[in-house]
Structure formats: structure tokens, C-alpha cells
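Chemist: Feature list, courtesy of TrEMBL:
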| type | residues | note |
| --- | --- | --- |
| DOMAIN | 18-262 | domain 'Nodulin-like' |
| DOMAIN | 344-555 | domain 'NFD4 C-terminal' |
| TRANSMEM | 20-38 | transmembrane segment |
| TRANSMEM | 58-77 | transmembrane segment |
| TRANSMEM | 83-106 | transmembrane segment |
| TRANSMEM | 150-172 | transmembrane segment |
| TRANSMEM | 178-198 | transmembrane segment |
| TRANSMEM | 210-230 | transmembrane segment |
| TRANSMEM | 242-263 | transmembrane segment |
| TRANSMEM | 345-363 | transmembrane segment |
| TRANSMEM | 383-402 | transmembrane segment |
| TRANSMEM | 414-433 | transmembrane segment |
| TRANSMEM | 439-461 | transmembrane segment |
| TRANSMEM | 529-549 | transmembrane segment |
Amino acid sequence: MGKGHEILQFTNHVVQGRWFSLFASFLIMAGAGATYLFGTYSKEIKASLGYDQTTLNLLGFFKDLGANVGVFSGLLAEITPTWFVLLVGAAMNFTGYFMIWLSVVGKVPKPKVWLMCMYICLGANSQNFANTGALVTSVRNFPESRGNMIGLLKGFTGLSGAIMTQLYLAVYGNDAKSLILLIAWLPAAISVIFVYTIREMRVVKQPNQLRIFYYCLAIAIVLALFLMVMTLVEKAIQFSHAVYVVTATVACALLFLPLLVFIREELGVFRRKNLPIDPPQVVVVLEKEAKSIASKIKKEEKSITSEIKKEENNLKCFWFNDIFFNKPERGEDYSILQALLSTDMLILFVATFCGLGTSLTAVDNLGQIGESLGYPTTTIKSFVSLLSIWNFFGRIFSGFVSETLLVKYKFPRTLMMTLVLLLSCIGLLLIAFPFPGSVYVASVIIGFSFGAQLPLLFSIISELFGLKYYSTLFNCGQLASPLGSYILNVKVTGPLYDREALKDLAKKGLTRSSVKELTCMGNQCYRQAFIILASVAFFGSLASLILVARTRNFYKGDIYKKFREQAEATEAEMASTNNNRIH
């Protein structure tokens, strides 16, 4: 009976702990990448509903719009609990993609184009609710490891498309219509199952925390390599359904492996928590408690003083002075308007517009780039696979390496952003001036730099503007991405490509009406466009360099000090409670 009660206690301890919440976040993020699978099921939409390519591209635009406009989810998270945000996201995900599936299989009358655009925008927007619920909560639960945390979570999102592909092949076989159904119910089901486990908790100091994250990193890399190998092998060999079931099982086993690591960690915490505390330990605990109380009193004094100053300022000047002139120190909690209207955020917006805008344009055009340079279809698919896997490695690298460099050498994360943007320039120039095999290298470089940018952006926003309104701020920060993609892709790259294609037709003595599809062949097709893109990315790196200069002193300091103090105070309080319970 005692043993059973202890097991029940331990199970309850695990499920309510930070590590299980993180595991649930991994699963939610691994299901939040349905937008990456649009290329797989878009042909079914086109064929079933009789759309032309222009209409399909319109659907693609609304998909990207929904995926990147996450301000509503951020604002909702400021005023509602995490479980509500996740449930709203689950409902949106199921409604949007389920209606697309019903339309494609003919269960409902053929919808109007605007209605299909609304469905896919709704379904794609749901991933912002998963991001906000899982990522923001995890960063707040592990504030001293936010770079590692964001890198891992965004890494799992990057692998989401490959994981979902393996699952749909195992469950439904090679049926792209059923993939839409899987995208509708699976991510929604994961959110509903784990909706109450993902919540904000008090920060607790754990010495081996970094080692656990490196275990998760190793597991994620093994999963990524396994998925890459399976993707390439499946293109070369026709698998039976039984083999697909095996590969999906292995992928799921690797995805659940971090849970074993977390259970082992929680076992150690559980045992320490239930050990009696010796008198010397009690003294240490009381000393820590005294220090924490003293620090709390100091903080209260500071906050009271600052409130008095604010009141005085309010009597002297208008309310907007607080937004433009009376801003907190970097690293403290900014209000939403203070952050959005700050010079630092403006520079970040420019760098993101240039960096993610150029990278997304390259990603969206990769298939046609390969086609214009004469690569066969199988090779073009290899480019896409390379880009996806290096997108994952970029996310992981920027998260873990930037965190290590920051903690050990005070290397600013803003400088890492500058270097990543300079790297992307090289990849873009390799497409502008191609040589045999250059697209392989460009796919790796662009995929890596594209993946590295989002974790850096999210980490920098959390560090400069605090975590109080992080839900809204990180969603606002990525708004530059679709804007950059629209201007650089739709208004710059597309028209320049079409102009080169029309020149090709003119050389052949043909006009636009002579051909159904406007295509361009040769090195010149994307040259001018990608020279412009490389120039824009370089301008973004210069903007980022300005932010490096502005934040140099901030990153020289100890940016995690207050979180360590909070963790120590919590640890002392828990130890004191445990001591009182025993004695």
C-alpha cells in the first residue's frame, strides 16, 4: 500500500512538474508545422476543386498570412490562461483543415475561393496559438536557458512536416487527401490532451539543467537525421505499408524519448524533496530565506520609489512621455507600446524584414530555381529536403550555440544575428551567380540561416523587453516576415523572373499568348532578383550591427541575475516548507 501510494505521489509529481510541461510543449510544437506540408496536399486541392495555378498561389498567400500574423494569439494570452489559448488554437486548427478536407473529398458543395482562403488562413493561424501557449510558457519556466529552449522548440516545429508525413504514410498510406484529415485532428488532439499540463510555474534552480537540454538536443538531432535518411530512401525505393508503420513507430519512439530523460530527472528531485533536512541544512535554508526576504524588501522599496517617481512624472507631463522618454532599462519589463515604439524594436523589425523576407523568398522559389537551371525533378526534391533539414540545424545551432557564447563569453546574441544575415548573403549570391552544384550549397546555407533567424529574434526580444508581455511582443516581432516576403517575392522577384521569361519568348519569336505557362530557362532568370535580395540581406546585417553597438553594454552584464535570485528564493521557500512538514 505504501509503495503504491509512493508511486502515485511520484506520478502526480511528474505530471505537475516543469519537465513534463516541457515534454508536452515538444509534442505540441512537433504538430504545429502543418503549413510546411502545403506543397504535399496542394495538388489535391487544385485537382479536386479545379483551381488554376493563380488561385492555388492565392491560397498559399493566405496560408502564409495566417501562419505569420500571431498578434491576436499574443493579446489573448495576456488576458486569458494558457489552457484557453491552446483550446482556441485546437478549435481553429480542426475547423480550418477539416472544412478543407470536406471540400476536397466532396462531402460539402464546392466552396467559393474566398471561403477556402478563409479556411486555410484559419487553420494556419492556429499554429500561432500553439506557439504562444507552448513556447512562451516554456521560456518563462526556464528563463535562464531561453536560447536552448527556443532552439529546441522551433527545431521540433521544423521537423513537424517530416514527422507528420511519416505518420500519414503509416496510418492512411500514400493518400494526400487523408493527410489533410490528419493535419486537422492530430495537432488539435495533442493540444486538448495536454491542455492543463502546460502552465507557468515558479522557477526552481537545478544544477544539471543544461545537461538535460543537451540530452534533448542529441535526441532531436538523431530524430532529424533519421527523418532525413528515410525521406531520401523513400524517394529511391518503393516502401510497403508495413515498412511505413515501422518508420513511423521509430520516429514516435524518438519523439517520446525525452520523456524518459525527464522522468529520471524528476525521480532525483522527488527523492531529494522527501529526504529529511539536517540541522546544518536548516541553518543554510534559513540564511537563504533571510537573504531572499531582504532582497524582496529592497525590490519593494525600489518599486515604491519608482511608482512615486512615475506619479510625479505623470503630474508634470502627458501620458505618452512614459512610452517615449521614461522607458525601463533594457531587460526590464517594457509595456507593449514602449517596446513596439522603441528604437531597438524598429531596428529588429528592419533586420527581420531583410533577413526573413529574403530567406522566405528563396525558399518559395527553390523549385523554380532548380527548374530554370536544368536540374531534374528528383534533384529539386533533394534541394527541398536539404533545405528543410538544415533549417532544423540552424534553429538548434542558433539556440544552443548563442546561449553558450552568451553565458561563457558575453557574446551578444545580436552579433550572432548579424553573422547569420551575412551568411545568408553568400547563399543568395550562389543562386545569383550559379555554377555546377552551387544550388546544393545554397540550399544548405539558406536553410541554415533561415532556421537560425527565428530563435535569435525571439530570444533577443525576450532579453531586451522582458517577459511580462512576451506573448504579444514575439508575435509582433515576426510580422516583418510576411511583409518582407510579400514585397521581395511578389513585387520584386516574381516580376523580374517574368521579365526574363518574356525575353526568352521574344528571342524564340513567340508571345505570351503562345504558351500556357510562363517559364524561364538559364542562369539569367534569377540573377538580378537575387543580387537585389543579397543586397537587402546585407543591409539587414548592417541594421543588426547598429543594434549590436546599442546593446553592447547590456550584454556585457549579467542578464540572467534576477532569474537566478528568483530561483534561489523559491528553492529556499520550498526547503523551508519541506522542513516544517518533517518537523
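Here the Cβ of each residue, glycine as well, is placed from N, Cα and C on the backbone.
Predicted automatically and left uncurated, TrEMBL annotations should be read as such.
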Chemist: Same-chain Cβ contacts of the transmembrane segment (439-461) under 8 Å, 6 or more residues past its ends?
Modeler: 135, 139, 146-147, 150-151, 154, 158, 339, 345, 348, 352, 355-356, 359-360, 362-363, 366, 369-370, 373, 375, 382-384, 386-395, 397-399, 402-403, 413-414, 416-417, 420-421, 423-424, 426-428, 430-431, 470, 473-474, 477-478
Chemist: With contact taken as 3 or more Cβ pairs under 8 angstroms (pairs 6 or more apart in sequence), are the transmembrane segment (529-549) and the transmembrane segment (150-172) in contact?
Modeler: no
Chemist: Suppose I define contact as three or more CB-CB distances under 8 A, residues 6 or more apart in sequence; do the transmembrane segment (150-172) and the transmembrane segment (383-402) meet it?
Modeler: yes
Chemist: At a C-beta cut-off of under 8 Å, are there same-chain residues at least 6 beyond the transmembrane segment (383-402) that contact it? List them, or none.
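Modeler: Hits for the transmembrane segment (383-402): 36, 39, 147-152, 154-155, 157-159, 161-162, 213-214, 217, 220-221, 224, 227-228, 231-232, 363, 366-367, 370, 375, 411, 413, 416, 420, 439-440, 443-456, 459.
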